[in-house]
Each structure stands twice: as structure tokens, then as C-alpha cells.
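Shown next, in C-alpha cells, is the structure this report addresses.
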Amino acid sequence: MTGKATPEASVSTSEGTAPEPAKVPTPEPSGQVAASESTGQEQAPEPQKQPQAQDPAAHEAPATPATTKPEAPSEDVPSAPLQLTLEDVSHSSLTVSWEPPEDLGSWGSRAMCWSSVREGASEWVPVNPRPVMVTQQTVRNLALGDKFFLRVTAVNSAGAGPPAVLDQPVHIQEITEAPKIRVPRHLRQTYIRQVGESVNLQIPFQGKPKPQASWTHNGHALDSQRVNVRSGDQDSILFIRSAQRSDSGRYELTVRLEGLEAKAAIDILVIEKPGPPSSIKLLDVWGCNAALEWMPPQDTGNTELLGYTVQKADKKTGQWFTVLERYHPTTCTVSDLIIGNSYSFRVFSENLCGLSDLATTTKELAHIHKAAITAKPREFTERDFSEPPSFTQPVADRTSTPGYSTQLFCSVRASPKPKIIWMKNKMSIQGDPKYRAVSEQGVCTLEIRKPSPFDSGVYTCKAINVLGEPAVDCRLEVKASATH
């Protein structure tokens, strides 16, 4: 590299000075370049070529400047571009950006041209065949593994100014993605299976290039006779055809890539039904109650117990009925036993797989004896519910129209049930077919069928029992309709 940019000014504008095409990086088309400082998409005109640009010395290495080319006055050419920055590097492209020079020269800066040189080489190769009016550019189709030094030069009609050069070479290499394991949500807690069921775990992971995946069981290598593992580019599958309790434990997946690694642990628990309680004992029997005690099972099925189920059976019927479910203590009292019966009891253990296949049953029976009880009845005074008749709702006065049946109502309360008598103008009307008397649940009704003005008068309802005979009166007026 050299600080003199004048010998390369004409080289950067000449398309014939590039080396063999296979080694020249391809710049991004001008239509795809982000020109933050340019005034349009048009390319800047080429700088005026000096007569000395045709000198073969212009194609020599930057370290040997041409002696026949006069240098342009420093106040005419622009200064070096500012803030030359490498924005992005991938496996086949790179993007650089820069700021316009602080001093544009007396002629003014017209465009930028930039060039590259491979690490270890001495000749700068123009990247863009013509100067461009942009401050950012992307070069594509780069060879994997190459290293480049980059520089950018401001150009105007007076020539090229001093270049801005990147301090470090740019290495075109394959992008490495750190390995990462994505454990499915249902495997973040203990994965529970029953004995005999299959275990099929698919764990996705990320990493580029393809990482190496390996499994361990409780810190040891897997038993290839029981466990099958298949690892692909994006996931690893662990398969156990028929799980046994010995397969329980912590399985750890390790993904390694170029000195980086990621680990994920999965806890697997293989369970089965528990055994029955070790023993059961009938502690005591009193009244209609029986006390029981038992010992926990020797085999819990490789998991915690959810409790015990206690059942009772009458000796006469032999049918079992559940008394307690998922009961945690190992002692209980069974109540509400029927006097005169004999009972036996049994206890099951229960875990996530269900109840134990067998139960522990008491050897002796619990006899509920009938105690001798002498009844001593207390004196009882019978209550007198007798009540004289009383009208809770008297009969109301009414006005009726001739030819339309009307009804009189009242309600009476009495014990014993009273006899109801209806009267008109103090004369009994019992048995008269014109009147219909009904008494039901204390409600007394007198229906007068198609009354006429002759039926007007004072009606009386009398209730009679052994305790009294009160009466209530009302006035009925039957008015003839007006004629026109």
C-alpha cells in the first residue's frame, strides 16, 4: 500500500488494467447501490486523462510512482474520503461505506473510485470500472477464503486525491452460526412414560455449518442395544422401542461446532403401577366405627404415590364399596357402619399409572354389635289446635248487571272445619237452585246465576263450629241497564 494515489488515478478509470477476470470482484450494479450522498443514479463523468496516463509506468505497483507524470497541485485535487467503514461481510460479498472528503479541491469533487488488492499482492485492482457518485457500495461474487485490502479515492477533473485505506484486510469466509438447541415445551419438564411404551424425542437445533450432536445418559454413553439415535442437519432423534424403569434418568444432548457447544438436558421417568400396602391391621371397633392402620408398599412404581383407596365389604353381600380415595395418611377411621353386620376392609396403593393390581385385606372381621338400649319416653302434652271461626277476608259489596252471573267471596279460618251457611235478607238460601255455594280450603264462594233486580239485597255468610258462629254481611245491588 502507498499513500500516493496519483499514479492510480488513470488506472482506476481504465477498464483494461484489471487482472484476469476470475480474480476480479464484481461490484453491485449502480441501480442497487445506496447513494446517500449522490444527486442521482447517473454515473459521474470520467476524470480528464493526463497525457502521462498512457505511460506504462501507470500500471506498475503503487510503490513505484511514475516519474514522467507531473503531480497536480494539492489545492486542485480533493482530500481523502472520510470514515471508510466495512458495513457487512458474507461468504460471497462485502459492503463498504464512506463519507465525502472534507476538501473537494478547487475543481470540486465529481466522483469516487475504489480499488482492492489481495493480501500479499502489490497491484491495486479497480473494483468499479468508472467512478461513482455514491458513498456506499456492495461487491458480490467473491471467492471464499480471499483476503482484500480496500481503498477509496475522490476524483475530480484535476485528478485523484489521496486514498482512504482500511486498516485490516477483509476476509471472505463462510458465516458460522453458533449452535443452539431448541427444546420443545413439553420436554422442559420431566417426560413421563409407562413401562413398555416407546420413547421418541425429536430435538431441533441450529448451527452452520452442520454441527456434531451427541447424547449421554446420566453422564455415560448410551446403550446402543436399547437406545437408537439419529442426527440430521437440524435435529436429533432419540428412540427407545420399549421403555424400562432402568431407562429413567437425565439425557443430555450436546451440539458442537468449531469450539462452540450447546447443551440441553431432558429428564425421563419410566413408571409402572405400585405394589399393594405391606400390611393392614384392624386396630379397634366401637359403636358404628372401625379404626385401620397399614404400611406403605415396598414398590411405589418408580414415582410418588398419589394416595390410598380404602374399601369396605359386608360379609352378607360381599360387595366392595369405596370409603376413601387418594387418602394420604396410613391410618383412618371408617364410620357409619350398620349395626349387626360384619365388615372386612382392603387398601389399594395409587400413583400416576393408577391403582395397584392387588390390595391388602384385613384378616379379621369388624363386628358391629347391637347395644342394649332401654327406651324411656318422656311425657308429651298434646297441643290443642281448636280455633273458633274468624273471617280473614269479609264479603265486599258488589253491583251487578241483570242477566250476568256474579259471585261473592270471603275467607274463613277455624278448627274444626266450620259449616258455611249463606242467607239473603236473613233468610237461608241453602238448596235454592239459583244459588251455588262452594267452600274449599277456607275460601267461601256464592255464585248467583243470572241475577235480576229482585236479587238485590243483603247477603250474609255464617261460619258455624263448636267454638262459635260469626257472620259477615254485604250488599248486592242489581241495576237494570239503561235503554235508549
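The backbone N, Cα and C atoms fix where each Cβ goes, and this holds for glycine too.
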Out of T26, T64, report back the residue that Swiss-Prot marks as phosphothreonine.
T26
The domain 'Fibronectin type-III 2' (276-371): DSSP-derived helix, strand, coil residue counts:
0 helix, 49 strand, 47 coil
What average pLDDT is reported by the model for the domain 'Ig-like C2-type 1' (179-267)?
93
